[in-house]
Amino acid sequence: MGDTVVATLRHAQSNDERLSKEKPYIITYPVASDIPRTNFLIEFFSNIKIHDMRAADLDYHECGFKMAKLDKNLPREDFDDESKIEKLYLPIVQRCLKKALGAKEVFIFDHMLRKRKPEFPFHPATKDTVPQPALSAHIDYTNAEVEERLRNYFGDQAEDFKKRHFQVVNIWKPLIGPLRDYPLAYCDAKSVNQDTDLLTVDEVFPKMVNEIYQVLYSPNHKWYWLPDQTPEEVVIFAGYDSRKGQSVAVPHCSFDLGDESRVTPAIDSGVQEERVCIERCQVVERKVLESLLQDENDNSPRIETEVGLPEEDLLVDWDGSQDPQNPRNWSPTRRWLVIMLISVITFNQAMSSTMFAPGAARAMADFHSSNEVVAQLLVSIYVVGLAAGPLVLSPLSELYGRIPIMHATNLAFVVGGVLCAVSVDIPMLILARLLMGISTISLGGGYVADLMAPEDRGRALNIWNIGPVLAPMVGPVVGGYITQKISWRWTFGMLSITGTFWLIICVFFLRETYAPCLLESKARKLRTSTGLQYRSKLDDGIAPKERLLASVARPWKMLSFCPVIIILSLFGSVAYCFMYLMFSTLTEVFVSTYGFTEGQAGLTFLGLGVGSLLGQLMLDFWMRGQTRDRNRTGRELLAEDHLPPLVVSGVLIACGQSGYGWSLHYVWHWIVPVAATGVTGLGIIFAFQAVQGYLVEAYTSYAASALAVSVAVRCVFGLTVPLAGPRMYEELGYGWGNTVLALIALMMVPASMLLQRFGPRIRGASQYSVR
């Protein structure tokens with residue numbers, strides 16, 4: 001072969017009458033015989049000269065394409081392994097593009113493996129399970145298509161993205177070489193008239209429509225190719241430039257060199273094409289990939305629908321393993337911001353559980369009541385709502401999505417706070433406190449499961465836990481001073497104001513994260529636009545009414561038939577009981593024993609808070625070490641990997657409770673019982689984190705329901721046990737009373753060890769557990 005070859009190229013024809021009445025289109029999949037696959041004609045133009053780009057003096061910024069070399073290449077067989085492409089090959093492509101184009105960041109959004117069948121091009125192209133060479137000259141993106149892709153892949157960042165310089169380019173290479181079997185031809189962008197040579201066409205796929213350009217013939221076009229291209233050589237060619245628009249877009253197509261030049265086996269020849277977005281001015285951390293790799297020898301049965309579309313193509317799934325619409329593929333910054341937002345909202349709502357505690361006595365006085373049980377109930381009734389709400393609201397979030405439940409609970413919390421602030425009697429105050437408890441969100445674990453990969457869930461839960469764990473400790477501090485300086489009613493007023501602020505933030509900035517709901521929404525749009533019965537891949541076919549009943553019943557079934565959840569809920573309940581027993585007694589103990597004011601007594605809750613915060617930091621350090629060890633050994637994360645802190649928590653809580661009780665018994669300096677509460681707080685956070693991490697990992701898809709069960713059980717204990725606290729201390733004293741609690745905590749240690757050993761076998765029988 002010489003430097004220049006002569007070949008036949010295919011171009012669209014635009015002089016058909018139909019195109020004046022309807023937009024040109026191409027349907028890429030099998031349809032009924034009475035539906036035309038396209039509404040325009042293709043013309044064959046022979047004796048087209050295609051020049052050798054190796055010998056040409058070309059400027060990428062003008063012609064739109066250039067040759068480059070990879071610093072490393074993978075064996076042919078590695079391209080049949082999707083994981084190797086993603087982990088090994090795509091970083092090579094990124095390095096190549098950064099070096100060749102000076103890009104700051106490369107964002108890969110699609111790749112495609114093409115394999116020519118022996119009978120190509122003389123067979124129906126729509127029957128291919130693997131894309132064949134594209135023979136008609138085309139450009140992959142119109143201006144409108146680029147805009148749409150930016151919105152799809154970058155979401156809210158698209159507008160900022162468009163203000164910077166970026167290019168959309170393709171990179172093309174053979175998997176074996178030298179390539180002489182249908183190589184690619186590239187048209188010099190300078191030789192293309194943007195006004196007269198391009199035909200806008202809809203390329204219709206089963207689940208989407210892309211807008212492309214088909215290229216009309218012009219004698220002014222100048223074509224190039226890369227002779228005998230090797231697997232290490234790539235051609236980079238532009239599809240769009242944010243500064244130059246389509247003026248650098250390169251028409252391209254495969255062409256036949258002739259039988260005498262085809263020296264490689266046709267069935268094995270393949271090319272790898274990457275579609276990438278190059279961002280020159282901004283670091284984009286996401287790497288998104290649509291996988292179109294298949295095996296042409298796949299003989300699995302394909303059931304045809306009434307319009308000729310395989311039934312499996314009507315199942316809507318993510319567009320590749322790293323579809324940017326999948327919340328787990330959002331940028332790390334966006335995902336962590338969502339986790340922190342949920343943590344802050346939970347912090348605000350959970351403060352209401354104890355913020356009122358220092359003001360309960362004044363509220364009782366205002367309502368002219370001295371009943372101690374009613375006073376205790378004013379504080380702990382919140383826990384009743386906290387137990388009941390998640391059993392209904394959490395499973396509903398697995399049916400309707402997180403967002404509707406989030407907005408509804410935020411609104412109900414604000415309403416409950418306002419009602420508490422304006423209460424005219426004790427029953428109204430109790431009911432309003434109950435509403436606040438019911439509306440306190442328990443979706444944190446669900447959001448973590450939605451957004452985070454397994455290796456990041458432990459740390460994400462740890463960060464989210466900061467809110468709900470610290471809030472009950474901070475609440476009495478703030479509430480004590482608000483009650484002392486203003487009024488107990490303003491504790492609820494402040495919560496309502498901050499709750500309204502976070503409600504507004506959620507409405508404007510929080511988006512749905514629950515995968516089944518997102519895929520169902522995608523399927524619904526496709527059903528509306530195509531008339532075909534698309535359905536989510538995660539759709540189990542159950543009717544909405546039955547699914548609603550199943551969702552509400554799921555936590556109760558878990559409570560009845562999932563022994564691991566029951567066991568872990570009891571462990572969490574022990575920690576929760578001790579925490580709320582302290583909440584209900586700390587103010588009275590330090591006021592009566594040490595002569596503290598209400599505000600000063602509220603500050604003693606910081607001991608629990610500091611211990612809990614220290615626990616969060618220690619857990620984060622431990623989890624990072626565990627992740628490094630798993631990455632080094634290649635071992636997968638198991639639910640039982642979250643349990644070691646549960647063993648330690650039993651010892652810490654026992655030590656803390658003993659120290660707290662006996663320091664009060666002997667009236668040691670106030671710093672000693674406060675420090676003991678810090679040790680207890682350290683153990684409590686270890687227990688909470690272990691229980692929540694285990695349940696999220698073991699029941700990922702139903703994490704919200706599993707956590708709802710855990711919350712409900714521990715709240716029942718948190719309500720009832722503190723009511724018996726004053727009587728216990730009256731009979732046993734602080735020393736022996738807390739020693740009994742310490743012995744109960746120590747019982748968690750051997751039970752936790754047994755669960756670590758036999759947990760997989762026990763939970764393996766559950767239909768909800770991840771095997």
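Including glycine, each Cβ sits where the backbone N, Cα and C put it.
Annotated in TrEMBL:
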- 338-763: domain 'Major facilitator superfamily (MFS) profile' (DOMAIN)
- 336-361: transmembrane segment (TRANSMEM)
- 373-393: transmembrane segment (TRANSMEM)
- 405-424: transmembrane segment (TRANSMEM)
- 430-449: transmembrane segment (TRANSMEM)
- 461-482: transmembrane segment (TRANSMEM)
- 488-510: transmembrane segment (TRANSMEM)
- 561-583: transmembrane segment (TRANSMEM)
- 603-622: transmembrane segment (TRANSMEM)
- 643-662: transmembrane segment (TRANSMEM)
- 668-690: transmembrane segment (TRANSMEM)
- 702-724: transmembrane segment (TRANSMEM)
- 736-755: transmembrane segment (TRANSMEM)
Taking the transmembrane segment (643-662) as the first stretch and the transmembrane segment (488-510) as the second, find out whether 3 or more Cβ pairs fall under 8 Å, excluding pairs closer than 6 in sequence. no
What parts of the chain pack near the transmembrane segment (603-622), using Cβ distances under 8 Å and only residues at least 6 beyond its ends? 354, 458-459, 462-463, 465-466, 469-470, 472-477, 480, 579, 582-583, 586, 590, 596, 645, 656, 670, 673-686, 689
Hey, which bits of the same chain come close to the transmembrane segment (336-361), Cβ under 8 Å, at least six residues off its ends? 375, 378-379, 382-383, 386, 410, 413, 417, 420, 433, 436-437, 439-441, 443-444, 447-448, 451-452, 460, 463-468, 470-476, 478-480, 482-484, 487-488, 491-492, 495, 498-499, 502, 505-506, 509-510, 513, 583-584, 587, 598-599, 601-602, 605
Would the transmembrane segment (561-583) count as touching the transmembrane segment (736-755), i.e. at least 3 C-beta pairs under 8 angstroms with sequence separation of 6+? yes
Below 8 angstroms Cβ to Cβ, which residues of this chain, lying six or more residues outside the transmembrane segment (488-510), approach it? 338, 341, 344-345, 348-349, 351-352, 355-356, 359-360, 362-363, 366, 403, 406-407, 410-411, 413-414, 417-418, 420-423, 436, 478-479, 482
